[in-house]
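What Swiss-Prot records for 71-76, 105-109, 129-130, LYS142, LYS151, 169-172 is NAD(+) binding site, and it gives sequence analysis as the kind of evidence. What Swiss-Prot lists as Zn(2+) binding site is GLU184, HIS247, HIS264, and the listing cites sequence analysis.
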Amino acid sequence: MITLEVDLGERSYPIHIGSGLLDNAELLRPHVRGQHAVIVTNETVGPLYAARVEQALAALGKTVRTVTLPDGEAFKHWETLNRIFDALLQAGADRKTTLVALGGGVVGDMTGFAAACYMRGVPFIQMPTTLLAQVDSSVGGKTGINHPLGKNMIGAFHQPNAVIADIDTLRTLPPRELAAGMAEVIKHGAIADADYFAWIERNIQALNACDPELMAVAVQRSCEIKAGVVAQDEREGGLRAILNFGHTFGHAIEAGMGYGAWLHGEAVGCGMVMAADLSHRLGFIDIETLARVRTLTQAAMLPVVAPELGADRYIELMKVDKKAEAGSIKFILLKKLGEAFITSVPDADLRATLAHAVLKPPTEAPVA
């Protein structure tokens, strides 16, 4: 087992990465201080892993309740969130009750938001079971739900007590979900570590096959990068924005196609190619670097061609992005491989990237 730390002073917390961690009651013991625990999972993950976590908590003498949500980005909204609140209230949960997010990014985001809101804040633990959640969304305290007009527009910063990433859970991921997680792995190399990016290039076929040793390396390095950024800028006042590389375009794809048509990681993968194209058009990266981003994204079984929503529709959706200021869209671009920055861009260059990126006619599922 590898243990990292997100250094936030009194609110610092560990990230445990390894095999067989779902059953490890001793990892949970320091972080479940009250008598009651509520596991939040979904219809896919629950039957696979919930009983193991229930048993670990019961071994600590805790009273355990499990809430099972529908699976998918399409359910990341108020109605589903209220299921968590209903369960907490019906169980008589108090301020010492610990929530446990057992699932992917949607479960983690909603459980964290419920923890931030219930009684104005209760503790929670992230137990991510997808690659995307293990390398990205479980770390950093961003929580929230979607709104029909924008992704993750309603939420809060609420740090977990711990992140427990059992890489054994990656073995049960469908290939499409594994690929979606690889988008965030590639992102971390692109924005912060050119050597890591090159390592991913060399090992992409084995990573696609979910080689356990290489996957453990990827989860560790991605968590190191994200934890380092979050420690410097917890609430995204500056540096943390670079973690949104590919997300401005990606969120527009998700909203424009309808939440769930594209997985979040698929939209981010395509968005990274679009952001790299824009970086090249503005003279920051050369054509070879653009080609490397596109080639690696495609090799990870991710889409590199965007749906045709129309340039005006893309721009309308991107103006709702949280990074936008006074209607000005902000993009995370590459200065070079391994270094990113935030900027606004000329409208003509943005429209050129959008025109170059799309495939006609629109597709219901992403095209690699």
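Note that Cβ sites are derived from N, Cα and C of the backbone, with glycine treated the same way.
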What is the one among the binding-site residues GLY105, GLY108 whose Cβ has the most other Cβ atoms less than or equal to 10 Å away?
-> GLY108
Secondary structure at HIS264 (Zn(2+) binding site), reduced by DSSP to three states = helix
Near the Zn(2+) site, what residues other than GLU184, HIS247, HIS264 in the same chain have a C-beta no further than 8 Å from the centroid of the listed C-beta atoms?
-> LEU132, ASP136, SER137, ALA183, LYS187, GLY246, GLY250, GLY265, ALA267, VAL268, GLY271
Counting other Cβ atoms within 10 Å of each Cβ, which of the binding-site residues ASP71, GLU184 scores lowest?
-> ASP71
In angstrom units, rounded to an integer, how far apart are the Cα atoms of ASP71 (NAD(+) binding site) and HIS247 (Zn(2+) binding site)?
-> 22
Based on Cβ atoms within 10 Å, give me the single least packed residue among the binding-site residues THR130, THR169, THR172.
-> THR172
Determine, from DSSP, whether GLU184 (Zn(2+) binding site) sits in helix, strand or coil.
-> helix
Closest of the binding-site residues to ALA74 (NAD(+) binding site), Cα to Cα, picking from GLU184, HIS247, HIS264?
-> HIS264
